[in-house]
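Encoded as structure tokens, the structure appears first; notes follow it.
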Amino acid sequence: MNGLKTPPEIGIQLPEAKVAAETGTMSGPLVPPRSDRSVRRGTDVAHVVLRFVCLLTSVIALSLMATAKEAASISIYGFLLPVSSKWSFSDSFEYLVGVSAAVAAHALLQLIISVSRLLRKSPVIPSRNHAWLIFAGDQAFAYAMLSAGSAASGVTNLNRTGIRHSPLPNFCKPLRSFCDHVAASIAFTFFSCFLLATSAILDVIWLSKY
């Protein structure tokens, strides 16, 4: 108009619009990819299954040890002597019962929390602080179960072999039911330790990814 040229239009993109164009959303948090959500869901289910199995094995270990008692007779130098055995007679067995009870309580608490979050379709591990807390608890209880099982194994081995160069015989022959209960309890104790260690490894994997 009047011989003046219209200046060319300059396209200006606001920072908000640019960010929205790059992220593909205008408001609200970013939605993780479907594959990432499925992986997290699978990890959450694995945590719940591990908690349930750990609760089951620790309760079985506790029950077997708490019911381990028997009375019988044994022959020493031709004399028939009455003997009786009970889990509370040994400090190692009492330690195993206490640790198994603590692990069962820990597993039950974590199972309730995990299942409630899973039913609400929320992450079982909501934050890194929560993951570190669970990792510390799993690792501590795994070491406790390992020490309890090892201590009880030493006492059980002594009951089975007796003492060398002494008249003390194999006490597990007359007290077979007692020794079987103790052996089964120790086996479930070590299995619970393995499950807790596996759960701690899953916690480390979660921390490395998220």
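Glycine is no exception: its Cβ is also placed from the backbone N, Cα and C atoms.
According to Swiss-Prot, the feature N-linked glycosylation site maps to Asn159, an assignment based on sequence analysis.
Taken from Swiss-Prot, the feature topological domain 'Cytoplasmic' covers 1-44 (among others).
Positions annotated as topological domain 'Extracellular' by Swiss-Prot: 66-94 (among others).
The topological domain 'Cytoplasmic' annotation in Swiss-Prot covers 116-130 (among others). Note: the topological domain 'Cytoplasmic' (116-130) comprises 7 helix, 0 strand, 8 coil (DSSP; helix = H, G, I, strand = E, B).
Swiss-Prot lists 152-185 (among others) with the feature topological domain 'Extracellular'. In the predicted model, residues of the topological domain 'Extracellular' (152-185) average a pLDDT of 71.
Feature annotation from Swiss-Prot assigns topological domain 'Cytoplasmic' to 207-210 (among others). Long-range neighbours of the topological domain 'Cytoplasmic' (207-210) within the same chain, counting only residues 6 or more positions beyond its ends whose Cβ lies under 8 Å from a Cβ of the stretch, are 128, 131-132, 135.
For 45-65 (among others), the entry in Swiss-Prot reads transmembrane segment, with the evidence type sequence analysis.
Taken from Swiss-Prot, the feature transmembrane segment covers 95-115 (among others), and the record attributes it to sequence analysis.
For 131-151 (among others), the entry in Swiss-Prot reads transmembrane segment, with the evidence type sequence analysis.
Swiss-Prot lists 186-206 (among others) with the feature transmembrane segment.
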### Summary
Spatial neighbours of the transmembrane segment (95-115) not adjacent in sequence (6+ beyond its ends, CB under 8 Å) are 44, 47-48, 51-52, 54-55, 58-59, 61-62, 65-66, 87, 124, 134, 137, 141, 144-145, 147-149, 151-152, 185-186, 189, 192, 196
### Task
Go through the chain and flag residues at least 6 beyond the ends of the transmembrane segment (131-151) whose CB is under 8 A from any CB in it; none is fine as an answer.
58, 92, 95-96, 99-100, 102-103, 106, 110, 125, 186, 189-190, 192-193, 196-197, 199-200, 203-204, 206-207, 210
### Query
For the topological domain 'Cytoplasmic' (207-210), what does DSSP give as the number of helix, strand and coil residues?
3 helix, 0 strand, 1 coil
### Cβ-Cβ under 8 Å with the topological domain 'Cytoplasmic' (116-130): same-chain residues at least 6 beyond its ends
40, 43-45, 47-48, 203, 206-207, 210
